[in-house]
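Visitor: Take this structure, written in structure tokens, and hold onto it; I'll ask about it next.
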Amino acid sequence: MKALSKLKAEEGIWMTDVPEPEVGHNDLLIKIRKTAICGTDVHIYNWDEWSQKTIPVPMVVGHEYVGEVVGIGQEVRGFKIGDRVSGEGHITCGHCRNCRAGRTHLCRNTIGVGVNRPGCFAEYLVIPAFNAFKIPDNISDDLASIFDPFGNAVHTALSFDLVGEDVLVSGAGPIGVMAAAVAKHVGARNVVITDVNEYRLELARKMGVTRAVNVAKENLNDVMAELGMTEGFDVGLEMSGAPPAFRSMLDTMNHGGRIAMLGIPPSDMSIDWTKVIFKGLFIKGIYGREMFETWYKMAALIQSGLDLSPIITHRFGIDDFQKGFDAMRSGQSGKVVLSWD
């Protein structure tokens, strides 16, 4: 079958022909319809330090997808041939303390689809049936293909009560923009997003944020004054991993503010911890999606009117995958969707 693989320990992704995967007793075989390119896939393409330490070569990559069930393991219940599904990319062990307590998103033995085992950039994918999620009929293939990153956004945004709150989102990448849209949709008062990439800030404006701020040109304190905010932000969603953005967030949080961190900063990032202590800030680390509460909330948010369509900016057939990666690597894109039909 046709697949996109990391074939060599160097920059690039290559179109290859690989055997179709075998279906185990508890697995589903999924015929892929559409996939989306993640920032993780760009890291793998670039072959950065993280990728060199993490990715086995050769391997089929990718973990954002929608497809159709075409094969079912003999122990599987609850799925049928023809079901349209996406799937949780974190495959968990089922036997650690967190798994047994129902906190599977915190499994210490997680294996990543397209990171530690073959991924979805292929005509067919096998995953455990436990990881599959049925897509409602009124959600398009395009939107279903980005459920994985949308789940990161939903998990982060809904970590705290947002109704009537002033929310600061640092980082206007696709996940940050979707998190900002979720915050506005569920009833936040002001949703302010910051970045230095004007293309992506414009995407955030299309998604309905209160203010999209280019911090290279505007002062965040001036924006707060313009919005009538006198006590700082109630909730911070840190999506950038950029130390200056996180320090600015700490400066502008209200006392007792709550911060959810999805962005991955450098390991040696320094901050003024006195601001955390004397402001009484609560900081929560976010990884992946809650299984599967986040997935049900994702579907419900779209069904209740949340419009994510502006975040998908580029669409290509799979034979033009290089154009998709070029768009993602340029920084001048939202989500990029590849069609396998």
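Each residue, glycine too, has its Cβ placed from N, Cα and C.
Okay, these came from Swiss-Prot:
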type     : residues                                       : note
ACT_SITE : T40                                            : active site, charge relay system
ACT_SITE : H43                                            : active site, charge relay system
BINDING  : C38, H63, E64                                  : Zn(2+) 1 binding site
BINDING  : C93, C96, C99, C107                            : Zn(2+) 2 binding site
BINDING  : I175, D195, R200, L262, G263, I264, I286, Y287 : NAD(+) binding site
Visitor: Among the binding-site residues H63, G263, I264, Y287, whose Cα is within 10 A of the Cα of T40 (active site, charge relay system)?
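Guide: Cα filter at 10 Å returns H63.
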Visitor: Can you give me the Cα-Cα distance between H43 (active site, charge relay system) and G263 (NAD(+) binding site) in Å, rounded to a whole number?
Guide: 14
Visitor: Restricting the comparison to the binding-site residues C38, I175, D195, I286, which residue's C-alpha is spatially nearest the C-alpha of C107 (Zn(2+) 2 binding site)?
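Guide: Nearest in space to C107 (Zn(2+) 2 binding site), counting only the binding-site residues, is I286.
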Visitor: Nearest to G263 (NAD(+) binding site) by Cα, among C38, E64, C93, C99 (binding-site residues)?
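Guide: For G263 (NAD(+) binding site), the closest Cα among C38, E64, C93, C99 is found at C38.
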Visitor: Of the binding-site residues C38, H63, E64, I264, Y287, which sits closest to C99 (Zn(2+) 2 binding site) by Cα distance?
Guide: Y287
Visitor: Roughly how many Å separate the Cα of H63 (Zn(2+) 1 binding site) from that of I175 (NAD(+) binding site), to the nearest whole number?
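Guide: It is 15 Å, counting Cα to Cα.
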Visitor: Distance check, please: Cα of R200 (NAD(+) binding site) against Cα of C96 (Zn(2+) 2 binding site), rounded to an integer number of angstrom.
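Guide: Here the two Cα atoms are 40 Å apart.
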Visitor: For the binding-site residues listed here (C38, I175, L262, I264, I286), tell me which residue's CB has the most neighbouring CB atoms inside 10 Å.
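Guide: Answer by Cβ density within 10 Å: I175.
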